[in-house]
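K.L.:
Copied straight from Swiss-Prot:
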- C98: active site, nucleophile (ACT_SITE)
- H348: active site, proton acceptor (ACT_SITE)
- 621-631: compositional bias 'Polar residues' (COMPBIAS)
- 635-647: compositional bias 'Basic and acidic residues' (COMPBIAS)
- 901-912: compositional bias 'Basic and acidic residues' (COMPBIAS)
- 89-416: domain 'USP' (DOMAIN)
- 457-551: domain 'DUSP 1' (DOMAIN)
- 567-697: domain 'DUSP 2' (DOMAIN)
- 961-1012: domain 'Ubiquitin-like' (DOMAIN)
Amino acid sequence: MAPRLQLEKAAWRWAEAVRPEDITHEHIELAYRIAVSACKRGACRRNCKGNPNCLVGIGEQSWLGEIDENTFHNIDDPNSERRDKNTFVGLTNLGATCYVNTFLQVWFHNLELRRALYRFQNSRAEGHNTDSDYEPRTICEHLQYLFALLQNSNRRYIDPSGLVKALGLDTGQQQDAQEFSKLFLSLLEDTLSKQKDPNLQNVIQQQFCGQFSYVTVCNKCGRESPLPSRFYELELNIQGHKNLTECVTEFLKEEKLDGDNRYYCESCQSKQNATRRIKLQSLPRTLNFQLMRFVFDRQSGHKKKLNTFISFPEVLDMEPFLEGREEKCTYELSAVLIHRGVSAYSGHYIAHVRDAHTNDWYKFNDEEIEKMEGKKLQLGIEEDIAETAKSQTRKPKCSKGYHCSRNAYMLVYKQQTEEINQTESPVDVPAFLQKLVEQDNRKFEEWCSEMSDMRKQSVDKGKAKHEEVKELYELLPAEDGQSYEFVPLEWLKKWLDDSTAIKEIDNSQFLCTHGKLHPDKIGEAKRISLKAADLLFSRYGGGPRLDRSSLCRDCVTQRCRVIRLKNQLNEDYREVTNLAKSALKSEESGFWIGKASLRSWRQLALDQLEEDEEETKHNNSKINGEKSSPGTKADGVKGDSEDGDGEEMKNFNEDILCYHGGLSILENDRRLVSAEVWNKLRMYFPKAPEFTQDHDPCQQCMRLEREGKENEALNRMMANEQKSSLLNLFQEKNRPTLQKWPQDTDILYIVPLYFVEEWKKFIRRPAKGNPVSNVGNSILLCPHGGFMFTYDSMLQGDAQHIALLWPAEWEVISKMFLVDQVISICRIHDKTQDNGNVQYQTHPDLCRECREGFIFQQQRDMREYTQATVYVRKVIDKKRMIKESAPEFSVSGSDVEDEKEEPKLDGEKDPDFSQTEGGAKRQKLNDTVSLPTAVVTTTSKSGIRRSTRHRKLRGEKALIVSANQTLKDLKIQIMHAFSVAPFDQNLSIDGRCLKDDSATLGSLGVIPESIICLKADEPIADYAAMDDVYQVCMPEEGFKGTGLLGH
């Protein structure tokens, strides 16, 4: 099928030769494309929107032919949630609770612990009525019920949210898994100790509790001092070790106590050098080794993960580590807990657990459980996950019977026994718990039944829809000569899209202002047979129904008229263009027309026609209940001129109107055209402003122009006179300075630097600005009339507010400008002393009270600022840490020179370099006096004024800070600006290091406009740690506020 635009042109091609009053019904059907051939199936890749008869590519492909029943299923098979035979049950990850799930699976597979928990007295569960849901309350009740579900539930995985909620854990915050294990076992032991059953009271100690002693031996007298202690796991340092044996050996090694760490011996009654070691005395049935992978890094101030490979045996002989014990003490590996990830603040926890009955190994990964092939533990896949491009370490070879891991953080060993005892025997679920499990299983089966019924309903519904589509789709095409109707294309697509609900047919969107089918909407509608329309409307309802009588003659006539007008416009445009090229005859009367209007008149005429059409559409939208979209021509927004140079015209010939509504005095913006040209243009713009050749320009504009030229001439004369009289001041040559007082005068005059800068601007551009008429020296005085600056302060920072004048210059200024207050500084020689001591006196005198207040205000602003700017300069080496850029010479304070690009430092480029404008700030003198913004300047000994405005350098960025924010907050800002982690930042200011992260910037002496040097440490080998910087910056609260701490 031809493209949409070609169909559009073909539908209206007849309008060029047919007058509006000669339109027939055949022309109307051509405009609505009734006779356009329908597309055959397979001929179109997508539906032809320009063809109302094209019914291909609207979603029918999926319904024609045979359809598999599975395609009708919009609900997952509930049996996929069912537990397979001889498999274990998983646990749902509630967000970041994978660390909880791993320990629950390990403790569930401890048969003695599970058997003991089943004996826990639970009167609420024993007396529970199965008509209502059981809700455990205590931790033991939750764990007991959870273990029963893990053992006999029909579900593939269960939800541990009851236990997690009872513990008060934050499901979105990953916590320290090792700390959770300790706290939970401690809480469980405390709860079970209150039971009457002695076996239940001591089950945690029997399973997990061992004993060792800290033995201290005095080097002088040899006295041993044992200090017994219990343990539930052995925390082993892995740094610098390769296998578990080395870690245990280091744990038990002897430690020397000397120097300040000497031991007080009760026998010697004094501090003596001594040795201390840990002596294992008894080991539990379940021996837990906590491998200390997550350690505190003193350099960064945060935790980090040690990705050290540690090998460990399947069978562990602990006899060599027990003193005075000859019986066998052999343990067999029963669980390995894994942390996937390279960071201590993120990652994923899984558990490898050995089944006590079959000795098969299983991997527990939240809801997913995978049985290992064979009888051996397989960790290879888990070790590959943590590898990164920067941290690949070759895995060491393991001997037979050993395993190696860089991610294992806990090893669980079970004591071997020679005979088969109750540990290997099945653990039966008590009757009262089994009843609760069966209640949950019934609920699960009911859910599965409901889901199956819903799946069957969706299949039945899909089959019915399939038959309906096959029946109706064949009836949709309207044959030639048959009655037909129009329905929305989008509705047909939704009818054929099984995923969306089908609404009633809505044809109101297609209505024109005459209540019929708008010809512009034909691309959004499809022509179907009357029989198909009757069936669709009877089943789905809706309206209004649009048939052959709904074709709008009025709209077609209006469009025909517009098309003919556009064609006539093109002919007139060519004629006007040719006539405008001819020169106007001397005896011929002409008309003034704007050059922009002459360039754009065709587009303006087209816009008027389109506005009429858009107005019709706008009214049509109101009838259909639609809103006109902003930015359309109906809203008065016109497009760019295709004939002009892009200028936007509101009305024709208004570009030669002045502000007063008369003929503009700008002759370059208008030209004369002949009466023939003007008459043709006036046909399209009857209301356009008309000016004949002899029409006078606006008198008010001419008077203002004369006055402006006179004022401009006066300003130029004034500027030349002032410049010649004060040439050195303008060029900043031969300027007096306070550092080296001129020898030929004892008095200098003072004016605000702001006055000098504004005066220079006028001298440079006298025609663009207003002349400076007065010298506002009162701005340098306090409310009492006293001067605000001392001689010493004007040598330093206060030089940014003043300019010094020679007496001759002051005499000129006092004549040319109005001066509100004379300010001078005198040099006074002390003749009473032989050393020629010199004093300096200002007039008016210094107001000491206001001066002290001003200094106090400055100091307070330095300490209590908000939203101030500081500059962070990233440096590469130590030389650049202390290097400061030389001040840049400024021969004048013009705006042009302020905009010049600043010179860059040579040396190594930094990718974080950016250049932005610097600026000086207004400084307040007190509550009523303020100094205007000016370029900060100092005066050198040579008399050349140099700018001290901040110059941004390579590798420097401006940050907005407040005095009360901490150094840590600043480091986070720097992290965002430079992509340098806070723990890799070394900050200094004026050679002084900034170290205390908790200190405020005000207390550290960081003031507005400070330059802070950033020296970044070498990037860490593990780039993925940057992803956890945000978590690092959050305060670590652990399990504060949870049930694990008794809250």
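Just so you know, the numbers here start at 1 and follow the chain as drawn.
The backbone N, Cα and C atoms fix where each Cβ goes, glycine too.
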K.L.:
Does DSSP put the residue listed as 'active site, nucleophile' in a helix, in a strand, or in coil?
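P.N.:
DSSP assigns the residue listed as 'active site, nucleophile' to helix.
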K.L.:
Could you round the CA separation between C98 (active site, nucleophile) and the residue listed as 'active site, proton acceptor' to a whole angstrom and send it over?
P.N.:
7
K.L.:
Write out the long-range same-chain contacts of H348 (active site, proton acceptor), meaning residues 6 or more apart in sequence whose Cβ is under 8 Å from its Cβ.
P.N.:
C98, H339, R340, G341
K.L.:
When secondary structure is assigned with DSSP, how many helix, strand and coil residues does the domain 'DUSP 1' (457-551) contain?
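P.N.:
Computed counts for the domain 'DUSP 1' (457-551) are 47 helix, 19 strand, 29 coil.
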K.L.:
Within the domain 'Ubiquitin-like' (961-1012), how many residues are helix, strand or coil going by DSSP?
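P.N.:
Residue counts for the domain 'Ubiquitin-like' (961-1012) by secondary structure: 15 helix, 13 strand, 24 coil.
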K.L.:
Within the domain 'Ubiquitin-like' (961-1012) only, compute the mean pLDDT.
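P.N.:
Mean per-residue confidence for the domain 'Ubiquitin-like' (961-1012): 90 out of 100.
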